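K.L.:
Have a look at this one.
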Amino acid sequence: MSSSTGSNSPSSERESDYRSSGISSGTGSPDSRQALANDAGRLANNTPPCQRCQVQNLNNTIVGSHGVDPALQAELESIKAEMNKANATICALQEREKKMKARMALQAQKMVERGVGPSKFESISSEQRSDLIQNYGGLYTQSRVETLDYLDKLEELRGADELKSKLLFSVIVLAFRSLQATSTQMKDHIKRILQIPPGSMHQPVNNNNAVYLPPPPPPPPSALAAPSNTKRQITPPAKPAKPAKPLRKERNAGYEVEQAVAHYLRESVATFDLTKNTEDVCNQIWATLYDYPCLRSCDPLVKYIKDSVRLAWSLVNQSPPYVLDYEARSFNADYHIRFHTSDPNDNSIKTYLWPALVEGHNGPCLQKAVVIT
């Protein structure tokens, strides 16, 4: 059926007409050849173009008929110019920041060399300070709880909850006392060896803020007029006096030695030998609780003592040194936290479960104490 349909198509009929007229063989009249050319043109026009040609024709039609909106093109160019300007400004600011940091570092170094400004031995950073405070809190929330669980397994201490709480509280207090004494004795020993006189290890006074009076002004010219027959002499104006240079900061060798020793102790807390202090704390515990010899063989308790001694050594060597606060007997929300068994309506402190950590004497509270009211 398809072959019969194709044979009856207009193109097949025109092809048979072309053959009958002799055009395919190059013969026939010129009118016949012209008719063939016209039919070929109409056939080409009726053939659908490919998809790429359609898209290209559509683009050519849009660009050719409408073009680009001039206002949109101008706005685009303006945005590009502003972006380029902003990028140039950012690059300039970054370069300026680098130069400023370099100048500030150089200026700070010069001030330190002259003995002016911050100390050569700065204290720890805020991140290290936060880690120390977090470790002190973790000693209570984690190490203390784990050690308490091991003590609960000891037959001799079963049911003695108050004794176990006081034991673990005493460990951190004794560790601080031992290491504060060690730090003080060590610094005093260095002063005796170097023959540093007492009272010389204080921060020198900065004289850069002293007030300097300017030199007195030159005397006014004489009020007597010069004689008329004498040529008047013109006195040149006096040069302004140079301002006096500020005095340098006083150097104090004893203070610098103290700062250097403190800096070394802060940097060596992880490797400093604290065996003697650990034994000191253990011996005090064994001597006080001599009725419980099982404590000597409790490895978790010994580990808790070692961790407390190491952390206390880090805290007492800060500037200012950190101290424990457990003397107050009245509840203060700025320094204390109630244990869950406390009476919320009673402000009288019955016992301390954990001491507060304070930055220096009468300083801010860094870690609140846990108390029972």
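Each residue's number is its place along the chain shown, starting with 1.
Positions of Cβ are set from backbone N, Cα and C atoms, glycine also.
Summarising the annotation, TrEMBL assigns compositional bias 'Low complexity' to 1-11. The region 'Disordered' feature in TrEMBL is assigned to 1-35, 214-249. The feature compositional bias 'Polar residues' is assigned by TrEMBL to 19-32. Per TrEMBL, the feature domain 'Mitochondria-eating protein C-terminal' maps to 129-202, 250-373.
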K.L.:
In this predicted model, what is the average pLDDT of the domain 'Mitochondria-eating protein C-terminal' (250-373)?
P.N.:
90
K.L.:
Per DSSP, what is the helix/strand/coil residue tally across the domain 'Mitochondria-eating protein C-terminal' (250-373)?
P.N.:
52 helix, 24 strand, 48 coil
K.L.:
Report the DSSP secondary-structure composition of the domain 'Mitochondria-eating protein C-terminal' (129-202) as helix, strand and coil residue counts.
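P.N.:
Its residues fall into 60 helix, 0 strand, 14 coil.
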